[in-house]
């Protein structure tokens, strides 16, 4: 049973998350671009929390847990100053990006906290199109390629 979960979370789940991330973001851009909003994320403020949707609260909680998990990996990384643990993780990521099968085998012997950190990170990409995180796609990138503008003061 553990082997099946291992294969699902580290061989199949990354592709599910990537597909939902790209297709969901594209469809949301095409069909719901005006639903993007970058309202306040101060979850401790009662008024903001009252106007926040459930997916927004969930994604903020997941991001907080992900940050705490990332910080908890530091002691495990310190046990391998030669970087051997990181090389296993890099090998897994490389096999996912290059579409090589059996990538879950690369994570054998990797600490559990790294595995949970990976799954939670992929889950953030899975939930991305359904939350207010999509507003990052509306950054004004054309500002960097616009023509030079002369600004004059009124005197």
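Backbone N, Cα and C define each Cβ position, glycine as well.
Curation does not apply to TrEMBL; its annotations are automatic.
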For TrEMBL, the entry transmembrane segment belongs, out of 83-105, 106-128, to 106-128
Expected hit for transmembrane segment in TrEMBL across 35-56, 57-78 is 57-78
Here TrEMBL annotates transmembrane segment, and of 12-29, 138-155 the range meant is 12-29
Counting only residues at least 6 beyond its ends, the same-chain positions whose CB falls under 8 A of a CB in the transmembrane segment (106-128) are 6, 9-10, 13-14, 16-18, 20-21, 24-25, 55, 58-59, 62-63, 65-66, 69-70, 72-73, 76, 85, 88-89, 91-92, 95, 134
Long-range Cβ contacts under 8 Å made by the transmembrane segment (57-78), restricted to residues 6 or more beyond its ends, are 41, 43, 49, 85-86, 111, 113-114, 116-117, 120-121, 123-124, 127, 131-133
Across the domain 'NarG-like' (45-154) the predicted model averages a pLDDT of 87
